[in-house]
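Asks: Next up is a structure, given as C-alpha cells.
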Amino acid sequence: MPNSPRILFLCLSVIVSLPPCVVGYHTRWSLQATKLHTRRSPIQLAVKAIGGGDTRDEEGFDFYSRDLQKQITLESTEYPVIDDDVGSKAKRWMKIPFQWIGRRLSKPPKPGKLILLRCGQSEWNANGTFTGWADPDLTQQGIQECQHAARLLLAEGYEPDLVYTSRLKRSIKSAAYVLSELGTLFLPLQKSWRLNERCYGALTGLSKKETAKAMGASVVQAWRNSLKARPPPHSKEDPYYPGNDRRYADLRDDQIPLSESLLDTMKRTIPLWEYKIKRDIANGNNVLVVGHGNTLRGLLKVIDDVSDVEIQEVNLPRGIPVVYSFDKNLRPQPAGKKMSQLNTNAIFLEKPGLLQEALKQQDKWREMVPGLDEDQIRPQVARDQTLVDALQQLRAEQRAEIAITGVDDMSTQSPLGYERWDDDPSEFEDWDEFSGDEFEDRLSPFLSWTPASVSPVSENKRPALKESDPVVVFIRHGRTAHNNLGLFTGWEDPPLAPDGIEDAKRAGRILKQHGFQFDVLYTSWLARAIETGLYVLDELDCPWIPVIKSWRLNERNYGALTGKSKAMIANEYGEEQLKRWRRGFKIRPPPVSSYSLNYPGNDFRRIKYVKDLRVSWTETINRSIEQRKFQLHRKFPKTESLHDCMKRSIPFYTERITKEAIHRGKRVLITSHENALRGILMHLCGIPEEAMNQLHIPNGVPLVYNLKANCITLLEDNESDTQISIEDFGPAAKYLFRPCELDDEFFEESTVERTEASQQVVKNPVSDAPPRINIEEDMEIIVSRDTDSSTTPPMDGTSFSELSP
C-alpha cells in the first residue's frame, strides 16, 4: 500500500491542527505540580520543612511517598464527585489520544487560589472544653461567623470551585453555611480525616480551666502550644476514642491516633496538600479548605516554610477567610500592601477582632431591646418585588379577606385555590380527571391482577431488612415557596421554605426512629434537594458521609413554563394546550431561549462541571462568534417531557448508583425531585407509562426500597398522630406498593420462627390443648392481600449495624 504513509501523515496533521478544545481535552496540569521537586520526594521536603527530621533514607521516603499518594487517590475516588462521561469503554479509550494531544498543544491554566477558613465556634469552644476529634455542633455565633466569611468572599469576588472539609460536623456544617450564603451548594465537596482537628487524647471532653487547675497551667500550655509534646493518650475503651466511630472504619489502626502533637497533626495534612489540593490549584481551580485551627496552621507552615518557632505565633481567627495566590510554579505570591500576618504570604480579608466586636455588640443590643430580631439589626436593603414576593403577599391578603368575610371565592379567581395536593399543585397531571372509572378503563390492559395494599404480609411476618442487606431510601425534597404558590419550578433554584425545612427534619427523625444509617447520599444540583439531604443527615448525626451531587437527578426542565403558575399558562397558551402538556408523557413544553436566564447553559458556575453531555455545535459556533474566542458548549436541555427526565435519571441509577454503591453493599440515601424519582421508581416497580402522571410523591416522606424483596415500604412516625397513607401517592400508588417478593430464605426463617414459638408453647402451656402447627395455613396468611388500602403498616424497626463507608 504505497499511499499508507501519506494517509497516516495527513491524519496526524489534521489532528494536530485541530483547536485544543475540539479534541475534547480537560486540562490537568498536575504534571507541573509533581515536577516542582524532581530530585526529592514532595513528602520528604514537606516533612523536613515542618521539622520532621530525616528518619528515613531516600529509598524509604520514595516508597512512603508512593504509598501515601495511593491512599489519597483511593480516599478521593471511591465516589467521584464530578460526573464523568457515561459512554462505553471503547469510546473513552478512543478519546485518550485526543486528550493527550490537547494537553500538549494548550497553554497551562493560571493557578487558582487557596482559601483557608477556620470552622465556626462549636459548643465546646464556647464552654472551654478540649474538643479534638469529638463532634459537637456549631453555636449560633459559629453560624454567624461562617455567614460573615461568605459575605467577605462575595465582597472580594472570590468564587471557590472545589471544597475540602474534615469529617467533623463543625467543619462540614461551616462549609454548608458558607456555600449556602454564596449560592453554590452544588459545588463538589470532599471530606478528609486528614483535615481533622488535633487529637487531644485523654484530654478530650475535659474542661480547660479545670484541667489547668488540677495539673498546672504550665503543663497544659505545653501540651497546647509545644510543637512535639503529646497529651496523655486515649484508652481504647474511651467513648471519645476515634476507633469506636464508624466514620473512621476505612482507616488502618496505625492511622487512628491515640494522641497527637502539633507536629503529628501537621504531618498528616501534607499528603492531602501534595497530592490533591496542590494539583487542583495547578489545574486552575479555586480551592476552599474549611478546617480547624491546627490543621490549617500545618498547611500555612508547609506553604510558607514557616519555622517551628514562628508557626506558634501564627493564628487563624474564625470568620475571616485567608487567601493565597500562586505563581506558575505554585510558589505563594507576597501579600504586598494587603492585610497579612507576620511570617506568611496569606491575605486576610478582614482585620482580626472586628467580627468578634460586632457580635458582642449584637448581644448587647439584644439585651437592651428584648425581642430584637437579627434581621432588625442588619441594615435593611431594598430589593425588587419578584413574582414570588407578589404571590406571597396576595395569598396573605386573600387569607385576611376570608378571615374577615368568611367567604372563600379564591377558587374562581386565582390559582391559589387549586389544591390537588397541598404541597405541589404545579404538576401537569389532573387529579380529578384521572381518579375515576375513565382512568381504570384506560389502564385496563395493565390491570391483570387485583391491586394489593402497601404490604401483603402482617407486621410480624414481613421480610425484615438485615444488617447485611443493602437498602435504598428515596426522599423528595421539602417544600419551597414555589411549591406552596403553585409555580412550575424545574431547574430554578429556590431554597427550602420554613415548612420545607421541617419536612426534611421530620424525614430524618423518622429514619432515626427505625435505626437507619447510610453510607452515601446522592442528590441533585438544586439547593432544595441538597438542603433536604443535609437536614436528614444532621438528624441522623452522620453529616460526614460522602454527598454526591449530579445534574441527572435534577427536576424536569419545564422550559418556557418555568416560574409560571397554572393560571398564567392557561391565559397565555389556552386551557386545551395546558391539558395536553399535563396529560402527555412525551409531550414537551415550549423550549426556553438560549439567551434566557432559565437556560441551564447560561449558568456559568455549573456548566464547567458537566462532562457527560455531548457538544452542541450550534451553540458552540454562536457563542464563539459572540465572545470572539472558542467557546465549547454542551447540549443542555431547553425543555423536557417526563420521558426525557426519566431518560437521564434511570441510567444514573442503574449505571452509577447501582454499580458504585448498591453492588458493594452500601446503604444509599437519595434526595431528589418528584419527576426524577418517578423515573427511578418506574424502573424498579414496573409502573406503566400511562400511570406515571398519576403517581404523586409527597414532600419529605422516606420511601424504603428493599432490594432483597423488591418492594417499596413506608415508615411510621412514632412521634406524630398524622400518618401518610397510600392515598397520598395518587391513583398510581397501586403499582408503587406492590406485594413483596418472598424468597426461599424468608420461608425458611418463617418456619424456624414458627417451630421455636411452638416449642416455647410446649414448655409453657397455657391450656390443655396441644400446640397446633400448620405451615400451609400460615403461608396463606402471609400472602393474603389486605383490602383496606388506607392502612400503611410500619417498617420493621431492625437496627442497622455500622458498616464501613
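Glycine is no exception: its Cβ is also placed from the backbone N, Cα and C atoms.
This is the feature table in TrEMBL:
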- 118-125, 131-132, Arg170, 197-200, Lys208, 293-294: substrate binding site (BINDING)
- 789-805: compositional bias 'Polar residues' (COMPBIAS)
- 784-805: region 'Disordered' (REGION)
- 1-24: signal peptide (SIGNAL)
- His292: site 'Transition state stabilizer' (SITE)
Asks: Check Lys208 (substrate binding site) against DSSP and tell me helix, strand or coil, would you?
Replies: helix
Asks: Starting from the Cβ of Trp124 (substrate binding site), draw a 10 Å sphere and report how many other Cβ atoms land inside it.
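Replies: Looking across every protein chain shown, the total is 21.
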Asks: Show which residues of the chain containing Gln121 (substrate binding site), separated from it by at least 6 in sequence, have their CB under 8 Å from its CB.
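Replies: For Gln121 (substrate binding site), the qualifying residues are Leu138, Thr139, Gln141, Gly142, Glu145, Arg318.
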Asks: Counting Cβ atoms within 10 Å of each candidate's own Cβ, which of the binding-site residues Arg198, Lys208 comes out highest?
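Replies: Of the binding-site residues Arg198, Lys208, the highest Cβ count within 10 Å belongs to Arg198.
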Asks: Return only the integer: C-alpha distance in Å from Trp124 (substrate binding site) to His292 (site 'Transition state stabilizer').
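Replies: Given the Cα positions, Trp124 (substrate binding site) is 14 Å from His292 (site 'Transition state stabilizer').
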Asks: Please report the Cα separation of Lys208 (substrate binding site) and His292 (site 'Transition state stabilizer') in Å, rounded to an integer.
Replies: 18
Asks: Hey, how far is Arg118 (substrate binding site) from His292 (site 'Transition state stabilizer'), Cα to Cα, in Å?
Replies: 5
Asks: Have a look around His292 (site 'Transition state stabilizer') and count the other CB atoms within 10 A of its CB, chains all included.
Replies: 25
Asks: Reported as an integer number of Å, what is the Cα distance between Gly132 (substrate binding site) and His292 (site 'Transition state stabilizer')?
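Replies: Just about 10 Å between their Cα atoms.
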Asks: Measuring Cα to Cα, how many angstrom lie between His292 (site 'Transition state stabilizer') and Arg198 (substrate binding site)?
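Replies: Cα-Cα, rounded: 8 Å.
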Asks: Within 10 Å of the Cβ of Arg118 (substrate binding site), how many other Cβ atoms are there?
Replies: 27
